Amino acid sequence: MPKKKPFSAGRVPLILFLCQIVSALDVPLDPKLLDDLVQPPTITQQSPKDYIIDPRENIVIQCEAKGKPPPSFSWTRNGTHFDIDKDPLVTMKPGSGTLVINIMSDGKAETYEGIYQCTARNERGAAISNNIVVRPSRSPLWTKERLEPITLRNGQSLVLPCRPPVGLPPAIIFWMDNSFQRLPQSERVSQGLNGDLYFSNVLPEDTREDYICYARFNHTQTIQQKQPISLKVISAKPSKERPPTFLTPEGNESLKEELRGNVLSLECIAEGLPTPIIYWIKEDGTLPVNRTFYRNFKKTLQITQVSEADSGNYQCIAKNTLGAVHHTISVTVKAAPYWIVAPQNLVLSPGENGTLICRANGNPKPRIGWLTNGVPIEIAPDDPSRKIDGDTIIFSNVQERSSAVYQCNASNEYGYLLANAFVNVLAEPPRILTSANTLYQVIANRPALLDCAFFGSPRPTIEWFKGTRGSALHEDIYVLHDNGTLEIPVAQKDSTGTYTCVARNKLGMAKNEVHLEIKDPTRIIKQPEYAVVQRGSKVSFECKVKHDHTLIPTIMWLKDNGELPNDERFSIDKDHLVVTDVSDDDGGTYTCAANTTLDRVSASAVLRVVAPPPTPAPIYDVPNPPFDLELTNQLDKSVQLTWTPGDDNNSPITKFIIEYEDAMREAGIWHHQAEVSGTQTTAQLKLSPYVNYSFRVMAENSIGRSVPSEASEQYLTKAAEPDQNPTAVEGLGTEPDNLVITWKPLNGFESNGPGLQYKVSWRQKDGDDEWTSVVVANVSKYIVSGTPTFVPYLIKVQSLNDVGFAPEPAAVMGHSGEDLPMVAPGNVRVNVVNSTLAEVHWDPVPLKSVRGHLQGYRIYYWKAQGSSKRNRRHIEKKILTFQGSKTHGMLPGLQPYSHYTLNVRVVNGKGEGPASTDRGFHTPEGVPSAPSSLKIVNPTLDSLTLEWDPPSHPNGILTEYTLKYQPINSTHELGPLVDLKIPANKTRWTLKNLNFSTRYKFYFYAQTSVGSGSQITEEAITTVDEGKLAGILPPDVGAGKAMASRQVDIATQGWFIGLMCAVALLILILLIVCFIRRNKGGKYPVKEKEDAHADPEIQPMKEDDGTFGEYSDAEDHKPLKKGSRTPSDRTVKKEDSDGSLADYGEGVNGQFNEDGSFIGQYSGRREKEQAEGNESSEAPSPVNAMNSFV
């Protein structure tokens, strides 16, 4: 069956295999190709050139590569070979070149500082990584210094120096006070790019003793603090006003150099009184739109993605009411090397030509250098097929030995670029990668695209053919794409057929067949129509669709391009959409959309709902919104809101609802704040720190709620330290050597300020270790690595922000990761309780060996083979799990007379431990199931033959069968019960000396040494004695022997005809009486007769040997079918246990009357047996009895 591949109208084929041309990037990553195509190495992943590491963690230097065969890896350090085998702390990941330096166990990061380079090599060449400069991060302390207090007069300028220690990477600088509150900044006071704090002029409120500069080193998550600086401003007569002068930069001109692609930052900070304002211009040009940004109150100009065109003179102007000052910054943009044309991988066949181009630019112009297999090309082995021409290598008449990896290095004083590109010379016959017999289905008059993905070297030529004997398809009707795809711009019905793609090169040919089917388009032949209906009436839209008979459409109705309302008033009946009790909201555009797997069509109609005859205008309405909102008594954590109510529109206002918006975090989203009585117009509102509040008010009356009022003015509350810590703190390991600490983070309102972070602390619960702490960003998880397996830990997570810390949190307990248990339970003992139940005991394993939370013990048990060699079969293992630390358990639902094997395993959260030694046991014999079938064959005048199949589950060795039977007379009374024992090796038995024309009921069951099994019942009758007819003939006919009477043709005698008519009349009367009695629902009173005539031996079988119950005549006197099979324990047992606990003690108990008999009488209902094939002989109806005389 060909694969179906439908095309939609806008489908664009994705053909990834474009590697055949000279500019190819790679061999197609198709498994069928990669198995036998060689390929030089390619570096796929490597660490950054400037690799700053955390000295508190192991060093991981990445180097991943692919190739065929898989490459081997080697490293150099500082230009010489790095022998990792000689350093026990250095390992290389298997199948990879990535280095792992285990400095956490015994080592220092500074020891491994240096320049590293990775080489990946196979038989086709060698690829190299960048030079990876590995340096540990540094966060040095401030040098101790004595800072003298500063005293200034009001209006003077000031620069507070920061001069942070030089770290790696550079620190982030900010100024705060002793309370960890950020110092407010403005046009007058601001922080420079160098970290210093500049005052254009000081004011008395600037007086304080805790101007502190902080340096935050993000890489190590540490913050260093400078000694506080004390400033006192004398509030005497202010200094004389003065024009601006620049605090930074100095002089009238300065130079700035920046690299291409970086952010250019220019800064001008001026002093003066009044405070100057800064302006920026570019001489002989304009500032670039969309890339220019102003920071720090316009004192800093930033231009992103800077390029050479941004070079030039930039002028900053500081101006106040007394004058202006100018400073010109001459900007020069340099450039590290960047690619114009990077070299690309080259796949060639022997004898072909090709080129590798390496073209880069920069300022200054970069130098281009070539290497082959990591060796400078000048000293590499000569290859006559290559010629170097500056930034180009030209290959001609290549051979397989020309395969290699070439490196291009473009460098100048600002950096370098290194690119690997391989030349892979392959000789491969064509291969077609598209699946054979792909089926394409396309709608008529649309484009059809048939794929033929291919590979070969040299590049194969592609031809397409239609049919078995067609000629090559040409581009007058078809479009042949370079990737092998055949396009039929307008597919018609006659385009259907089989198409063959043939790929050829000088090494061979390959072909592939695909199939195209053209389908009729789906059309809407009856579209829904525009409708105008009155409110409360009914409307119907019709939409009939015609489609290709092989496609099954799906019809969907939409309203205003969305789903229909979930309303029972909308119903879809075949081609119609019906809307009842139309309301104003039902107006809109209704669309019928028909979709198939290949196309989609739709048609729309507008429904306009008009009002019924006009009604009086409503008297009542919702209130008008409140207005004139005002904020007063503005405190840190509260504010008073006052408003004026709007008109209540004749319904008193019952309450006002106040909502707030946080313009800083969730602008446009309003939250419930409070509700007050409809008589109030003022509310005192509780506020949270660091929220930019706006408020609005809505009024509500019995009609409804008003629209919101206009928003109040904004009010920004001050930041504060968090007043709560994260909740739901847990510690649970996911691996044997880690501890994953998780918590529910604070939301934006709970943070109380900027810079929300968490201090995560942990230590072993049972040890004397100090707390280990780390400050992390606003996340919800932290992973502690290198922990011992399943050890209890105490954990704390504390909130902090730029203002300070939250209260000390309570410690919670967690555990590091679990591992699989190490020890199997011992001393496994089995006690067989009975034939279906066993009890298993075992010794518990030591708790230390569990290595996790003990979840319980699991018993695997299975039946290996029956004790009887005739019934050997294997069953899948069954499992029972016992929770907690139990050391014993019951195995229910076992098969009697069977051999079982079991083992026990301990279970924790990680999984199961090793299994105990297998322990076998035998179950004793049980009672057998009922015989599989019972049939009565060869009925004669005085005999019946019984045939049966042994029980499907003997549950032991059969000792004998028991057959009990009794006659049933014409009044449905049961006769005496005969009990007969039959050897166990018999499957057939003939009963003789029975009464002729008599119905018998049989009860049959098997026995083992344990007892009797379930019974099976059947009924049959002996045939009619024709000799009896002689007794009712006239005297002249009846003389002689019975044998002679059979030779008389009595069918033609008049007396016989009269007799038959009388018999027929009697039968008709009998049928009428039976019909009347049955309709009344009565039963024959056979219960008392059964009690009177039944054999006393039968009575106990109501509980032990199966219940006979009452006997009642069934419809049309049909014989009773096989009786129910009830085991001796009064439960209906399953033939096969499914191993669940439901098999133990949950059997289906038989239902009994108060006197002990079955509720269900013999009324033709019986249990279907698997081996049932032959029904018992049908009891004769009166009509049949009449026919037997003829």
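Glycine is no exception: its Cβ is also placed from the backbone N, Cα and C atoms.
No curator has checked TrEMBL annotations; they are predicted automatically.
Per TrEMBL, the feature signal peptide maps to 1-24. Taken from TrEMBL, the feature domain 'Ig-like' covers 41-129, 136-230, 243-332, 337-424, 430-517, 521-602. Summarising the annotation, TrEMBL assigns transmembrane segment to 1055-1076. Residues or ranges marked as compositional bias 'Basic and acidic residues' by TrEMBL: 1085-1105, 1127-1137. Taken from TrEMBL, the feature compositional bias 'Polar residues' applies to 1173-1190.
Per-residue confidence over the domain 'Ig-like' (521-602) averages out at a pLDDT of 92. Look at the domain 'Ig-like' (521-602): DSSP puts its residues at 3 helix, 42 strand, 37 coil. According to DSSP, the secondary structure content of the domain 'Ig-like' (430-517) in residues is 3 helix, 47 strand, 38 coil. Mapped onto DSSP classes, the domain 'Ig-like' (41-129) shows 11 helix, 46 strand, 32 coil. The DSSP breakdown of the domain 'Ig-like' (243-332), given as helix, strand and coil counts, is 3 helix, 55 strand, 32 coil.
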